[in-house]
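In what follows, a structure is listed as structure tokens, so that the remarks can point back to it.
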Amino acid sequence: MGKVASLAALAASLVLVAGQTYQRLGACPSLGCVLPPDQSDFLPGQYFDLRIEVHAPVNGSEAYNNGKPDENFSATITKQGGKTKGIAEFFHIREPKLEKWDFSWYEDLFAEDAGTPSVVNVAAKAYRRLAIYEPGTYVVELSYYGGKKTRAEWVVRPLATKKKAKNVILFIGDGMTTNMITAARLIAHKSINGKYQSLLQLDKFPVLGHQMTHSLDSYITDSANSASALYSGHKSTVNAMGVYADSSPDLFDDPKVETIVEILRRVWDSAWGAVSTAQIADATPIALSGHSRSRYQYGALVDQALNSVTNYTWTNQKGPDVWFGGGAEQFYPGKDSYKGEDYYANSGTGRKALGIFCRSHLPVWLDRNVYKENLARFTNDPRGAQGPALDLPGLKEMTLKAVDILHQRGGDKGFFLMSEGASIDKQMHTLDYDRALGDLLELDDTVRATIDRLKALGELENTLVIVTADHGHGFDVFGGVDTKYLAAQSTSRAKRRAVGVYRDAGASQYTAPAEGVSYGTGPHFP
């Protein structure tokens with residue numbers, strides 16, 4: 001009986017989930033919205049914006065108050081055990097002006113099929129560049145519509161009393177799962193009677209852990225939102241970075257949260273940089289400094305990285321000291337750069353290092369080192385010409401150079417470096433496992449080489465090195481493949497027999513030296 005009841009409860013929950021495809025606004029199930037929302041965590045002194053919204057749906061199942069939002073709403077904040085104060089009083093700022101706008105959304109898939117959106121009128125305020133310095137629990141309460149209330153509980157976490165690391169290097173294997181790491185290990189490292197004779201550098205880390213990558217309002221995240229969570233401690237909405245997505249028409253006025261590089265630059269004046277095998281305006285690298293609910297505003301986000309946020313008073317992170325990657329189309333003058341500007345010319349040849357090596361994303365390790373003839377087919381010259389880019393670096397070369405520069409520029413104030421193996425994700429999207437796992441092994445090789453470089457610089461004990469993924473992909477290891485038998489078969493069903501599973505899964509033969517390939521063959525590929 002209990003089992004039947006459990007199944008009934010599960011079925012009921014699935015029915016409810018079916019109606020949750022769309023939301024009026026993430027983290028705002030009621031008609032009153034507080035952003036940052038309930039359950040938000042902060043560092044003491046971390047800057048953030050507070051957005052208050054009151055919604056009045058004009059039509060649809062939520063239609064309320066004839067579509068007239070309460071413009072006389074009020075909001076208070078209370079520290080646990082303390083006195084309740086108005087927002088402006090608590091933060092010692094002026095009360096901001098009332099803002100008004102409207103937006104539309106589809107309540108569900110049926111409404112979208114019918115082309116019947118729901119319209120919502122909004123009254124709102126934005127309190128900019130706030131900070132709470134005392135650790136503890138705080139409650140923000142929004143009162144509206146003569147008795148309705150929305151509560152948000154915030155926690156300001158205490159900082160460690162002693163600084164434990166001068167430098168931080170954060171490696172991100174974009175889209176990298178533990179199953180992919182298993183596959184990479186099988187390809188690159190030899191085992192005898194079940195005992196590996198060598199290991200990935202990732203296997204040697206003294207502390208291992210897991211993280212939950214879901215977004216604020218969705219089971220599945222993306223690289224913008226997940227990177228933003230890593231850099232700021234705040235989960236947000238898919239496609240958003242450095243902000244909590246609001247309902248306003250402006251993609252750049254959403255309530256911001258300060259990122260790690262902004263905090264380090266403001267508090268310690270540390271150096272910072274980013275290295276990626278993607279275009280440098282791609283979600284993972286650009287989220288270090290980007291503040292927008294749309295990751296696709298590439299040109300404007302590049303401008304934010306180089307010149308900081310200019311439309312509101314905000315932390316000036318002074319631009320990266322090192323910026324290596326692809327995405328040249330956002331730098332030379334044209335339709336893809338912000339306002340057509342020439343960022344190559346504007347960057348000058350001063351002490352900071354800008355290396356933009358090609359248009360779009362860098363070619364992957366396998367094409368740069370094994371199938372080199374493929375490079376001539378690219379049209380990715382970083383100056384905008386029609387030919388291919390020349391002398392492309394890899395993740396290891398870019399990262400080691402970045403470490404050298406940041407070590408010099410950071411000095412006693414330290415540095416923060418993010419290094420991303422981007423095409424693990426990008427090749428998994430197209431199910432190109434060879435190229436994806438090649439780039440995963442390139443990431444592992446880069447981590448190994450970086451640790452050696454830190455030792456040589458005398459900085460390993462002063463540096464926190466973290467390797468993580470930002471999210472995963474659907475990928476698993478089923479077993480080995482008899483490639484000779486596979487090639488000899490003519491039908492898909494016959495080819496399946498070449499895949500050995502369970503007892504017949506076999507062991508990797510990929511560590512044998514490859515004829516005609518002089519770089520990175522045998523154990524420790526690449």
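Backbone N, Cα and C define each Cβ position, glycine as well.
When other Cβ atoms within 10 Å of the Cβ of Ser223 (active site, phosphoserine intermediate) are tallied across all protein chains shown, the result is 26. Under the heading active site, phosphoserine intermediate, TrEMBL lists Ser223.
For His471 (Zn(2+) binding site), the same-chain residues lying six or more positions away in sequence with a CB closer than 8 A to its CB are Asp174, Gly175, Thr213, Ile220, Thr221, Asp222, Ser223, Ser226. The Zn(2+) binding site feature in TrEMBL is assigned to Asp174, Asp425, His429, Asp470, His471.
The Mg(2+) binding site annotation in TrEMBL covers Asp174, Asp282, Thr284, Glu420. For Glu420 (Mg(2+) binding site), the count of additional Cβ atoms within 10 Å of its Cβ stands at 29 [all protein chains shown].
The feature signal peptide is assigned by TrEMBL to 1-19.
A Cβ within 8 Å of the Cβ centre of Asp174, Asp425, His429, Asp470, His471, the residues given for Zn(2+), is found for these other residues of the same chain: Gly175, Met176, Ser223, Thr284, Ala422, Ile424, Lys426, Met428, Ala469, Gly472, His473. DSSP assigns Ser223 (active site, phosphoserine intermediate) to a helical segment in the three-state reduction. The Cβ neighbour count for Asp174 (Zn(2+) binding site), using a 10 Å radius and every protein chain shown, is 28. Of all Cβ atoms in the protein chains displayed, 28 besides its own lie within 10 Å of the Cβ of Thr284 (Mg(2+) binding site).
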